[in-house]
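As structure tokens, the structure follows; a few thoughts come after it.
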Number of protein chains: 2
Amino acid sequence: MSTHNAQGVTAPQGFTAAAAQAGIKPSGKPDMALVVNTGPRFDAAAVFTRNRVKASPVKLSQQAVADGSLRAVLYNSGNANACNGAQGDADARESQAYASAALGVDAGEVAVCSTGLIGELLEMDKVKGGVDALVPALGTDNGQAAADAILTTDLVRKEAVYSGEGFTVGAMGKGVGMMAPSLATMLVCITTDAQATPEALEVALRKATKVTFDTVDIDGSTSTNDTVIVMANGASGTTPRQEELDAAILHVCDSLARQMQADAEGVTKRVNITVTGTADDEQALNAARTLGRDNLFKCAMFGSDPNWGRTLAAVGMADAEMDPDKISVSFNGEAVCIDSTGTPGAREVDLSGADIDVLVDLGTGGPGKATVHTTDLSHDYVEINSAYSS
Amino acid sequence: MSTHNAQGVTAPQGFTAAAAQAGIKPSGKPDMALVVNTGPRFDAAAVFTRNRVKASPVKLSQQAVADGSLRAVLYNSGNANACNGAQGDADARESQAYASAALGVDAGEVAVCSTGLIGELLEMDKVKGGVDALVPALGTDNGQAAADAILTTDLVRKEAVYSGEGFTVGAMGKGVGMMAPSLATMLVCITTDAQATPEALEVALRKATKVTFDTVDIDGSTSTNDTVIVMANGASGTTPRQEELDAAILHVCDSLARQMQADAEGVTKRVNITVTGTADDEQALNAARTLGRDNLFKCAMFGSDPNWGRTLAAVGMADAEMDPDKISVSFNGEAVCIDSTGTPGAREVDLSGADIDVLVDLGTGGPGKATVHTTDLSHDYVEINSAYSS
């Protein structure tokens, strides 16, 4: 078993990809990508945003993958095609129809994913021009180019590869803000030449997303467009056991989730919050998420300030049982608060590095435990997000 | 009925106040205050933070007011006396005992309120020195000085006065951050020379806080120290009807809540969010609060960006029934989104002023309605809160 980060989605056998500059992004950067499964099998599974306000491509792709089969995914960045009403739905369908015709497959075999600005209509002439460029450019070397083309405010490309016993899993993803996924997040495409049923893929994907993307919480905001798709073609001839498949999917999801955390909008600190001492894991997750979303705590992390007082104030509002007099907190392994009281020297703990591990025990003695991956709240976050659409 | 903003807590008959520089704040600014009810009656009621992590003075003041009677409230700023364990509880009790002895009243007749840094022990010699200075300085002209002495990062003093039929209500408050009150918020002291039972005061206070302080949500963070106390002495000889009392208490709470919103940490915009079209008011409040806490939305407000897309993405995660295809949004009365789709010219709506009114209808046709008062998320918020304790 080895891991490298090159050629993400085209690392497994039997997948081709392409990227194009369709002119959707004003910057002129690549903004469309196509990932095609060339078979022999076309098993697929996906998870989508739980936001009630779903982008048109999410609704369409949910239908496309419902039968457990996909042959291709069409991506565009720069425009989310969200909140565009009936015209948005029609544009998503037209994109799907145009791409499937160009590929010579049924429309229902093509998923579409969009990311970018909400509330702007897709310019369909540009989308069609993009598809016209993508299809003849499909190749087994273009995973990296596709990974570049789906980025928005991401600063770095995000890919992952897992080499299993006789099979390979590849993946690409994007996501730097509006990240508080539930069930799924952002845009992620996972490919594998393993032979696996849609049911096996779905099991592996849900297990993996629960402990990876679902525990990344950058700003408490959940996107309208979150989509994670996995496609398997059996080209390797290997049928991994479910546990092998689970481990492989988990590996690439975990890698992409950490890449997203590291590249989050305006991040200067990666903050990993673990909560223990609750009745169950769900309560621990609630408390970790409450802390990870607390702006005062996040500003303190930006300031390298070991502010355990704000930590207690934040978890005190969490939907979790706790003993308010028995809470303990450590930063990077140094105890700063024991029995809800500061330790000597707690304010001198050095948090100047880029990584901060926070451990909070809520003092009930229960076995609950969970970790959430978040970031600090920085000037750059405000700058990026106050200027994004203007 | 007239309103002015002078002499807050000493505007009603029979209340004295004082302020002192006790040296708790490193800046040397006034940091202690005392408000005394000189009778003839000593009726009182209070509401406190719902945070499970409660500061020592909160726990002590809850006991003091439990019998419906208070003669004085001792305030200090610069130190919250929160998360200091048994020593914090002992220090709060010693402050109460020292002040009550100096005033010649029972300890259980004095409430204590602290605000400032969490997790630092009170320096009791300074507190006692402060009390020694406060008691001889008590006077009927010192409401404004007391209001100054309870401020922390507040930029402006916050007072309110209501002149009713034969009685007066005065108030002072502080609060600029860690503001997402539930039941009560921040430090507020309300005084009145009306004659009113503790039960009548409690009814009026709970009604008022529900629609004033409870709807201010600056950063989703709820303090460990929130305390709102009302004291009534009957010195005017007037016993207002419950509705008159309700209206008077509501008036000063509403005034202070708006002053807090306007002075919130780093605020450049006052954002008032009203949600309609839900099954009931509680769902509308949930949705308004979810939007008011969404960092992407708040950054857009900072950027004067009429970003209705982020508005829909945020309310889509709210715990409220909605029709995802029938959501409408207006900014400052201009419709920017109808049936979940942008209107022509939506992006050109001018939000450059300091006040932004946001109206969101969730499209179910239900009668639910609620308003939340929040602010933008600015560079200054990050700056203030990353440097606060260092």
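Numbering starts at 1 and runs along the chain as displayed.
Cβ atoms here come from the backbone N, Cα and C positions, even for glycine.
Per TrEMBL, the features are as follows:
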BINDING   B:Thr152, B:Lys174, B:Thr185, B:Glu265, B:Asn385, B:Ser390  substrate binding site
ACT_SITE  B:Thr185  active site, nucleophile
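Residues from the set of binding-site residues B:Thr152, B:Lys174, B:Glu265, B:Asn385 situated with their C-beta under 8 Å of a chain A C-beta: B:Asn385. DSSP classifies B:Asn385 (substrate binding site) as helix under the three-state reduction. In the three-state DSSP scheme, B:Glu265 (substrate binding site) is classed as coil. According to DSSP, B:Lys174 (substrate binding site) is assigned to a strand segment.
Once Cβ contacts within 10 Å are tallied over all protein chains shown, the binding-site residues B:Thr152, B:Asn385 are led by B:Asn385. Neighbour count (other Cβ atoms within 10 Å of the Cβ, all protein chains): 26 for B:Lys174 (substrate binding site).
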